[in-house]
Amino acid sequence: MQVMTKPITLAPAFIAEVKKEIKPHWGELGWVTYKRTYARWLPDAQRTENWDETVKRVVEGNINLDPRLHTANPDPKVVETLQKEARNLFKLIYGLAGTPSGRNLWISGTDYQKRNGDALNNCWFIAIRPQPYGQSHIVPEDYPASQPAVSMPYSFMFDELMKGGGVGFSVTKDNIAKLPPVATKLELTVVIGRNSASYADSLKMGAVDRDEWEKAHAGEQADHCALPDTREGWVLANAKVIDHHFAATNPSGQTKLVLDITNIRPKGARIHGFGGTASGPMPLIEMLLDINKLLNARVGQHLTAVDATDIGNLIGKTVVAGNVRRSAEMSLGSADDEDFITMKQDQKQLYHHRWASNNSVAINTQFDAYSPIALAIAKNGEPGIVNLELSRRFGRIADRENAENDPDVEGTNPCGEISLANGEPCNLFEVFPVVAVEQGWKLKQAFTLAARFAKRVTFSHYDWQVSRDIIKKNRRIGVSMSGIQDWFLNDFGRRVVSGFESVVDPQTGKMVQKPIYDPEIKQAVDGLYHTVVDADQAYSDALGCEPSRKHTTVKPSGTVAKLAGVSEGMHFHYAGYLIQRIRFQGNDPLLPALQACGYHIEPDVYTKGTMVVEFPIRAAHADDPAFASAGTVSIAEQIATQAFLQTYWSDNAVSCTVTFQPKEADQIAGLLSQYRHVIKSTSMLPYVGAGFKQAPKEPIDVKTYKQKCAAIHGSVAAVFAVQNADHDQKDLELVDQTDCAGGACPIK
């Protein structure tokens, strides 16, 4: 790809005019969440970005991915068209009528994006089976790149997690059966030089003094590797440990490996690129020793799905400790694998590392053993359900079945809204219909811009060959809508499920309650789906590439929905009125501004050095007779709403965390069976109102809400600017925030 000599940019005069015309639709938490999540540090100005600067960066980073600009002499008409599109995108995103994924808000338009094409995609999927590294940016030197290796999917996972992405991975029986037996017991030694600032801490984690070890083991045969101070170095270290256990990647049967961690930067050192500070080598030491111990215990045996998940979880745990604030994993096992389904009941292992993934099981439409799964869900909210058969054979359920619809699907991203092939990422943009209409957009125009934004992301330079190949083949996009419940009430005055009728399931003979859907909402959603498909086809024709295999989704949203103050994805508001508690680092200069504006602030009872700020929130249409919250809407209506969106809107999948009351637990198995031909993926959690101190969300009544609001005055943004003379501090984030309602995704 040629480098552009003159990329498309947005003129300062244009941006100034937009700022006069359009007011961003900030939610109650919007500006504060943005400032501590997506506003990048500007070293020359010694402050973080303002919203218009973020949007400018994001739009310019995206529009210039259009491959027609990467030629010696781009067509002037193409340049003019894209320049106009960039202006419209700026208006759409600046007003918060729609936004790309949190990953794009953080990375698009940065040097990091240019170096790491993977960085624009939030989440990925990989199958745990031996795979070749191929022409990828990370390839072990000990064997040909064409050699299938057990380490490859774990290297892919480790790499993408450290770039801030989430990873779904499959440990279903068909994949696990392809893993060879563990052949070699490995004596792993991690050494460190005394000149390392991490020397003392590393010894505590199990490393040994390099000089002393070399003196005591002079002349011994062992593989040695000095790890470089890079992300790739961490990945390759883990690959070496795994590879030494298997015959195909350790044909000599070498039983000793020495890894030198002296060059890894110490805790607190700057991390350039993605941002943040280093953890030091200590988490890496712990992970390498734990994984080696696990594999040594299986010599002469095949790994189980639990073993394979444990390795993934140990990697995820390390990434969290390595200063990527959240590591999102979803492990997909077989529905008849009892050990996998119950693996989190081992409390010791759960607290050590098994917390690192949400676990789901793969089913098909013939599966009918829902009772054990329903009991497990009622107990701890897992496993989730993923119907791979539906994902492969259907786009929208309303459209005809086709065995070639999406035949390569093997799993999903951690939140379950995108059906994915091996090595494939999700690629998201969401529109907030209520905000878009309020700001004068025709919804067809907003969704067309969304489709084109996502399409351009597929032309990034991807680091892994497995990803490049499948992205070029599928060009998958995921245009989502969020604030769906707000939209239904605002534009149609009612929820989409108008009632239920009793019918007999022709396969089971059981009586079920079939939902009745509002025809006007159905027509509107169906029309917008075809808008996205048509926009993708037109753009694909112009670019000379394949149309996207699938186009639409409902992402769970979360942080991005907070920006605009809308309901999250298809989810119902948590309550009509509530206190939302946000945790800040104790030295955050936003805290004095929030205090000056009257927000209640108190120390976090769980974490030292953290402050909790209370934000009173009123859901849109909270007083509407048709309003329902997650605490009042039935489990049946939630699943029926998900089924509606899977039928008429999403050709990928619909991410939904269905909440249920204790008295509804006995309905879970029946509902999962009833919708086995409709719902591609779902998860369920018991509804928790405010069962512990400083809960993130606490339902309140309208009187309490008004009392809380009466104490608040002024603009936090304005007060912050005055107090800090338009300066800020670097590397501050909100604590324990996630990019989705279910908590599975990284924040950015």
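In case you wondered, yes, glycine gets a Cβ from its N, Cα and C as well.
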Annotated range (Swiss-Prot: region 'Adenosylcobalamin-binding-2') out of 524-565, 650-691, 692-733: 692-733
The annotated region 'Effector region-1' range in Swiss-Prot, which must be one of 31-42, 151-162, 439-450, 487-498: 151-162
Disulfide-bonded cysteine for Cys426 as listed in Swiss-Prot, from Cys123, Cys225, Cys597: Cys123
Rounded Cα-Cα span from Glu417 (active site) to Cys426 (disulfide bond), Å: 9
Tertiary contacts of the region 'Adenosylcobalamin-binding-2' (692-733) (same chain, 6+ residues out, Cβ under 8 Å): 31-32, 35-37, 41, 45-48, 275-277, 325, 574-581, 584-585, 587-590, 592-594, 596-600, 602, 604-606, 612, 614, 616-618, 622-623, 629, 631, 747
Rounded Cα-Cα span from Cys123 (disulfide bond) to Glu417 (active site), Å: 11
Rounded to the nearest Å - Cα separation of Cys123 (disulfide bond) and Cys415 (active site): 9
Secondary structure of Cys426 (disulfide bond) (DSSP, helix/strand/coil): coil
Neighbour count (Cβ, 10 Å) for Cys415 (active site): 36
Cys123 (disulfide bond) - helix vs strand vs coil (DSSP): strand
